[in-house]
Amino acid sequence: MAGVAIPSVILKGCDKAMPLIGMGTSSYPPADTETAKAAILEAIQAGYRHFDTAFAYGSEKPLGEAIAEALRLGLIQSRDELFITTKLWASFAERTQIVPACKMSLKNLQLEYVDMYLIHWPVRLTEVISRTPVAAEILRPLDVKGVWEGMEECKNLGLTKGIGLSNFSCKKIEEVLSIAKIPPALNQVEMNPLWQQRQLREFCRAKGVHITAYSPLGANNTKWGDNRIVESDVLANIAKARGKTTAQVALRWAQEQGVSIVTKSFNKERMKQNLQILDWALHSEDLEKISQLPQRKGLNLASIMGPHQLVLELDAEV
Ligand SMILES: NC(=O)c1ccc[n+]([C@@H]2O[C@H](COP(=O)([O-])OP(=O)(O)OC[C@H]3O[C@@H](n4cnc5c(N)ncnc54)[C@H](OP(=O)(O)O)[C@@H]3O)[C@@H](O)[C@H]2O)c1
């Protein structure tokens with residue numbers, strides 16, 4: 001059976017349109033290569049064409065293997081049919097290390113280019129780390145100008161079709177915009193009915209920076225998320241009224257806000273369910289109820305890096 005056709009968005013400074021729904025590949029506990037690869041192949045069959053990975057997730061290699069296998073199996077005719085996003089890890093967020101880091105990700109992915117390369121977090125680590133939290137001594141503020149120049153070099157060398165940001169506040173985006181020759185195409189941030197990011201979205205809309213919502217289901221059953229979305233009575237009641245699941249209500253809500261979504265499921269039925277959000281709409285009273293939900297950020301950098309002053313300041317920025 002043919003998969004669902006997912007609409008795309010044209011992004012500033014990006015040479016390829018990005019499918020509005022992408023499959024996340026950060027799993028908890030970390031999936032072994034075969035499990036991740038099988039799930040990605042299943043997702044391609046279901047219609048996913050946008051995959052979100054990062055050096056830090058350890059999922060670049062299984063994604064690369066799955067893409068090669070999908071081509072061998074004829075699930076896709078050409079690599080160009082896929083939109084692949086990966087991210088610069090903080091340990092390589094230094095002017096001279098960015099092109100080599102991007103090339104390392106391309107090697108992991110067995111690709112000549114990615115479609116989107118993002119700065120994962122607006123912070124630098126002076127060491128390559130194997131575990132978190134990190135020591136305060138290795139944390140540095142991001143050299144925004146140097147790092148963005150390195151990202152632009154990746155784009156100019158054809159290593160990526162577009163460049164962008166992740167977990168950047170309005171203040172940090174403003175810094176990038178003030179020095180950018182190539183504007184950031186997007187900012188990938190946590191966004192869901194319980195962390196709606198109204199201020200950041202308004203700012204990004206005014207500046208022409210697209211938003212991609214990560215953890216749209218609240219990253220339930222992971223170390224960095226919780227079950228507040230999937231167990232929300234308000235969302236469950238809306239779901240019941242619309243004949244949908246709570247997860248579909250959360251995803252549809254994000255979709256209706258004009259953002260793109262990356263959500264992760266390695267389960268065949270749930271990954272299909274998560275695509276069934278395009279041919280129906282929430283009612284105005286549903287949107288009104290969702291707008292009243294109490295807001296609380298799920299993922300803080302401090303929970304990854306440790307409660308260091310620099311990190312706490314970044315977490316506090318909107
Ligand atoms: N830029 C960043 O800093 C950043 C941070 C976090 C995430 N991300 C990216 O965004 C992607 C998505 O975010 P996320 O993984 O944090 O969280 P998420 O997509 O909100 O939630 C994923 C969790 O929800 C479960 N799930 C999926 N579909 C479901 C459904 N229909 N009903 C109930 N449960 C469902 C998944 O389990 P099953 O697999 O068992 O279905 C998994 O445990 C990541 O994989 C990653 O690629 C980026």
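Along the chain as shown, residues are numbered 1 onward.
Just so it is clear, glycine is given a Cβ too, placed from its N, Cα and C backbone atoms.
Straight from TrEMBL, the features:
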DOMAIN    21-292  domain 'NADP-dependent oxidoreductase'
ACT_SITE  Tyr57  active site, proton donor
SITE      Lys87  site 'Lowers pKa of active site Tyr'
BINDING   His120  substrate binding site
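This view paints the features noted in TrEMBL onto the structure.
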{"residue": "Tyr57", "record": "active site, proton donor", "Cβ within 10 Å": "21"}
{"residue": "Lys87", "record": "site 'Lowers pKa of active site Tyr'", "Cβ within 10 Å": "26"}
{"residue": "His120", "record": "substrate binding site", "Cβ within 10 Å": "21"}
Key: His120 (substrate binding site) versus the residue listed as 'active site, proton donor' - Cα distance in angstrom   = 11
Task = Indicate whether Lys87 (site 'Lowers pKa of active site Tyr') is helix, strand or coil by DSSP.
result = strand
Note = Here the Cα-Cα span from Lys87 (site 'Lowers pKa of active site Tyr') to His120 (substrate binding site), rounded to a whole number of angstrom, reaches 5
